[in-house]
Amino acid sequence: MSLDISQFPVLAQANTPNELRQLPQALLPQVADELREFLLKSVGISSGHFASGLGTVELTVALHYVYNTPFDRLIWDVGHQAYPHKILTGRRDKMHTIRQKDGLHPFPWREESEYDTFSVGHSGTSISAALAMAIAAEKEQAGRKVVAVIGDGAMTGGMVFEAMNHAGDLHNDMLVVLNDNEMSISENVGALNNHLAQLMSGRFYTTLREGGKKVLKGMPVIKEMAKRTEEHLKGMVVPGTLFEELGFNYIGPIDGHDVDALVETMRNMRNLKGPQVLHIMTKKGRGYEPAEKDPIGWHAVPKFDPSLFKKPTTKPGLPTFSQVFGKWLCDIAEQDEKVLAITPAMREGSGMVEFSQRFPKQYFDAAIAEQHAVTLSAGFACEGFKPVVAIYSTFLQRAYDQLIHDVALQKLPVLFAIDRGGIVGADGPTHQGAFDLSFMRCIPNMVIMAPSDENECRQMLYTGYCYDAGPSAVRYPRGCATGATQVEAMTALPIGKGVIKRVGKRIAILNFGTLLASALTAAESLDATVVDMRFVKPLDVDLVKEMAQTHEVLVTVEENAIMGGAGAGVLEQLQKLRMPKAVLQIGLPDEFIKHGSPEEVTHDLQLDAEGILAQINAYLAQ
């Protein structure tokens, strides 16, 4: 259900940036207030990312007011903070559908709107893309401006500094807005720095600055003295040395919730030459007290009533696989102080909060730097420690070279706890864990495990901890576990051995992972054998051979891309054994999986019990 726009009289006049730019600047504070209220109520209806968007309302209004979007390019990093952008760019009436099946995409998405100039979802990509667009703009000579908006969290990623180093060297015209919400806005930032930013971005100062550079060009000693004097003046209130050293002109920090100051500063900066950084200070969750006090807890929210000032209470249910991992990690750390846990800024999502509090000296948050996190773990393994890398499937993609070159090649005993394997649902194609089995299976020295339930997950984690001949991975899905009883005692599983769960006739279903329950349900109608394969690599070749010899048809089931996945491994072994056999591979198709609830996506892909049965019957009928 969409909101009644008549409750937002000024925002109603700004359904697009063109309409926004027709309004007098004096109305912009009211636009921002109504936009924040609209966002608050809209996310309450739809669920979704919340605190980040509340913090970028004034910034979004100012950007679309000053810049001629979509002609001017605006790139959002990650995109959690882009809900206000969607509201102001013609998608206001569809905001209640965001992250839902057939609804608005959770992140800026090129296919959705001309205002979304670059599709995003992973961190640290905006400046690289913006630099390319700035280079293209210079070649076109059409007067196009380019702006990248990036948060302070994303600034921890190495790709960001690679891009800034390149941009500073090329010196193309572009603006990087650094949205810094790590600290509250002090009076100093809100007043003095707003004035200083407008002064330093103004025409008189920049003309003087550029003219001085030309005059002093042939006098390097004097030029260096002048540069140091300027840095001393700015350094009294401005922490911009790093950006200046990278070749950027730095302005700020300024109050990111003062829309008039943002507009005036951006107007001044719009025509500056070379790469620019505008540093703004914002508050995550701005305007909604619970989110201001707990921005992490309110980062993403279910449907809720904003008037209650709390998230809806949920009945205690099954633990999530992330919680199963977190408990195992604490249990094993109690036994072994050499266990070290590493995560790339995913403490909460990976279930590591308790561990980080109880074992702070054994916990390492590498920030949004997946490559560094994996090689850090390799170094720990070299020194005899037991590193455990907790990482989402989609983010492990970013450290693929490190996984191969720094871990597997050296046969280092690093345990990868891979969360969000398979369908994640509402976050869509940028976050589905569709490829990990495929891209890990081809790496020598890897052991890859796919648990069917929480108890098997716990035992597999212990198996990986005990395995010292090389790296191992335990891959589990997002969401609640299956309800299986967890055995507290930990036992290492025999490497590369599966378990027969049901004995049937004619058809054998070889299951990899948590679709086992659905496979068993489908098997009842087919009187099929069901095998919990457990290990994707090394594959239980003896069991595959036995199933091929005693059944007419083999069916592989996995929540991973069919291409190169676990089922492909079964086919490779049958080929190697010279055993021609009818094999149906069930898994994720050769496409990027769209957003929707996990249940909806699973049903649409025919990966629930009903769908598995239908796929097998259709195959048998051919």
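Any Cβ shown, glycine's included, is placed from N, Cα and C.
Note that the structure is predicted; figures quoted are calculated from it, not measured.
Of the listed candidates (ASN181, ASN249, ASN268), Swiss-Prot assigns ASN181 to the same thiamine diphosphate site as HIS80, GLY121, HIS122, SER123, GLY153, ALA154, TYR288, GLU370. Counting in whole angstrom, ASN181 (thiamine diphosphate binding site) lies 7 from ASP152 (Mg(2+) binding site) by their C-alpha atoms. In the three-state DSSP classification, GLY153 (thiamine diphosphate binding site) falls within coil. Those residues noted as binding thiamine diphosphate (HIS80, GLY121, HIS122, SER123, GLY153, ALA154, ASN181, TYR288, GLU370) have their most widely separated CA atoms at a distance of 32 Å.
Note: the Cα of HIS122 (thiamine diphosphate binding site) and the Cα of ASP152 (Mg(2+) binding site) are spaced 14 Å from each other. Cα separation, GLU370 (thiamine diphosphate binding site) to ASP152 (Mg(2+) binding site), rounded: 16 Å. With a cut-off of 8 Å between CB atoms and residues at least 6 apart in sequence, the same chain places HIS49, SER52, GLY53, PHE107, HIS299 near HIS80 (thiamine diphosphate binding site), listed in sequence order.
When each of the binding-site residues ASP152, ASN181, GLU370 is scored by how many other Cβ atoms sit within 10 Å of its Cβ, ASP152 comes out lowest.
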